[in-house]
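Please read the structure below before turning to the comments.
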Amino acid sequence: MTQISWTLQSFRQILKSCIATRDLLSGKSLHAIYLKSLVPSSTYLSNHFILLYSKCNLLTTAHHAFNQTHEPNVFSFNALVAAYAKESLIHVARHLFDQIPQPDLVSFNTLINAYADRGDTLSALSLFREMREMDLVMDGFTFSGVITACCCDVGLIRQMHSLAILSGFDSYVSVKNSLLTYYSKNGILEEAEMVFDGMGEEVRDEVSWNSMIVAYGQHKRGLEALALYRHMVHRGFEIDMFTLASVLTTFSCAEALSGGLQFHAKSIKGGFNKNHHVGSGLIDMYAKCGAGMSESRKVFEEIRGSDLVVWNTMISGYAQNKELSVEALECFRQMQRAGYWPDDCSFVCAISACSNLSSPSQVKQFHALAMKSEIPSNQISVNNALVAMYSKCGNLQDARKLFHRMPKHNTVTLNSIIAGYAQHGIGTESLNLFEQMLAASIAPTSITFVSILSACAHTGRVEEGTKYFKMMKDIFGIEPEAEHYSCMIDLLGRAGKLSEAERLIDTMPFSPGSAAWAALLGACRKYGNMELAEKAANQFLQLEPTNAVPYVMLASMYSGARKWEEAARIRKLMRDRGIKKKPGCSWIELNNRVHVFVAEDNSHPRIKEIHMYLDEMFVKMKRAGYVPDVRWAFVKDNETGEQEKEIMLAHHSEKLAVAFGLLFTKDGEPLLVVKNLRICGDCHNAIKLISSIAQRKITVRDAFRFHCFEDGRCSCGDYW
């Protein structure tokens, strides 16, 4: 009897050791002995075999071991539920959970946290409500899981905070850490600080300190973040990979490259530079701090066995730079070839890059791939990215369809569709959606107001724009930032209220940035206010002396006013300073191939056919009343004749791309042309007529917005 007891004890110890070390080979040997009945059968041992296979990610084998258990108990179910939840197979985990005769605290916590990880707020809250109705004893992990599930819903987070206090669970460090994290993620730094300060030195753990450092970083409060880091070191906390990654997040958010370089050196000294967490932080820091993706790539190649998070960070880094969107998509494909299955974050980053390219074929491919992948985690984030992608690729109709098909919306969803309508010049729909958002008690964010003010600016709604600008702070407590002021200056400027726009710049609570002066300069150009234009251009140049925009706009205004000497002086200044105007180019995708055109471009193999087509089209256009606007010819002097100017206008890149599209696509097929700069005024007038003559819908996406031409009209209503 003693010998059997000793054997069982030894068997259990060896089995536990196999689970702890993930020793699958030895574990299978023990399981064979167990199945041959050389060791007495028990639910206790069967559960440990389920646990062994679960820990080794052998779900089918774990489930088979579960089925072989004669009398499975709640632990048996919990082990398998946790395994399926870990692999994001939430539907299987839920099916097993529903079979548990009497689920316990661990059962509920496991499934609540699984729903929280995938952003399924309703399912997590439903389980939480069930627990309360059963009077089941809860713990800190229950509350921290539900707070995580609340995610972007500040109202729910505050309710859970109040309930945690009333129930006495606010003393759990895990609950406070979750509150701190999600208050910060939702932009409420004050409440995050309140939670952190309320914890006291003796309660905070490494997660608390790291979370608060990240919170300060997200709000660009780098000095406070570094002060916390130093205090953490002084208190004797272990500085691990999570701490270093948190501090790197601070440098990324503040775009402070010098500090990031110092921490890179520190991570190398500590041997953390090849760690996945720290490596991801370094990649992100270099991408956001202007060091270039070549530095990020070097870090990426140093990391041992890059995981999905590291790949996603690389894709995100490329996608943040519009010029590197092609590289972002190539990185996505490299990740797939390396054997990694994309998750929601992978798709969001890749779809963002795809949006920059305005490639209809890529759009459809990524939408199909996302649907085929059946992303198990945050589906709403992928749908939000798809809505934004369709909008940015000129396909507002499909963006609208997807928006209405989505089972649920959040603030980001509404921001995406509101911005889409605004970019397409459909201001009424943008404002209607915003009012619906308020009626549904969905709190707008800073980004929402950028879209709303932009919609007002592009449709001349000065009164509404002013109302919404005041609403930001007075009702929602959102302090207007530089982008909001730029939108207001643009709104006033477009409406011809130049003195009001100038007054707003002078009364801003911080120094105006280049975007504000650029908005004023554009308005001055529209209304021919040379004196104010010179002031705006000079201020712009003080901030960005190498930017060609103020030079070009000022020279254009001087030429338009026939002040040739002043125009020549500006151009000479550009040459002397080595500043070159960004060449305007337009492109169109046909049969999965992108065709690029530059003004006066003769390199395209079909350029003769394009010129012949345009010559014929211009004859028809002139019969319909078209008069070339030679002010947009941008000649360098007053010696160029009217005919030469008209030829220059006829060969602008937008017209070449449109002509190519009309020539080589089927009758009635809509066209999408993309331009890297603002659309030329003469091209705008010409394409309106072309759309009527050719009976085609032609969409031009320029650097600022969409122009949808149809039947001789543009969606912008000529207000641009």
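Cβ from N, Cα, C; glycine included.
The domain 'DYW' annotation in TrEMBL covers 625-720. Per TrEMBL, the feature repeat 'PPR' maps to 104-138, 205-239, 307-342, 410-444, 547-581.
Sequence-remote contacts of a segment are chain residues at least 6 beyond its ends whose Cβ falls under 8 Å from one of its Cβ atoms, and for the repeat 'PPR' (104-138) they are 74, 77-78, 81-82, 85, 88, 90, 93-94, 97, 145-146, 148-151, 153, 156, 167, 169, 376-381, 408. Mapped onto DSSP classes, the repeat 'PPR' (547-581) shows 25 helix, 0 strand, 10 coil. Note on the repeat 'PPR' (307-342): DSSP counts are 29 helix, 0 strand, 7 coil.
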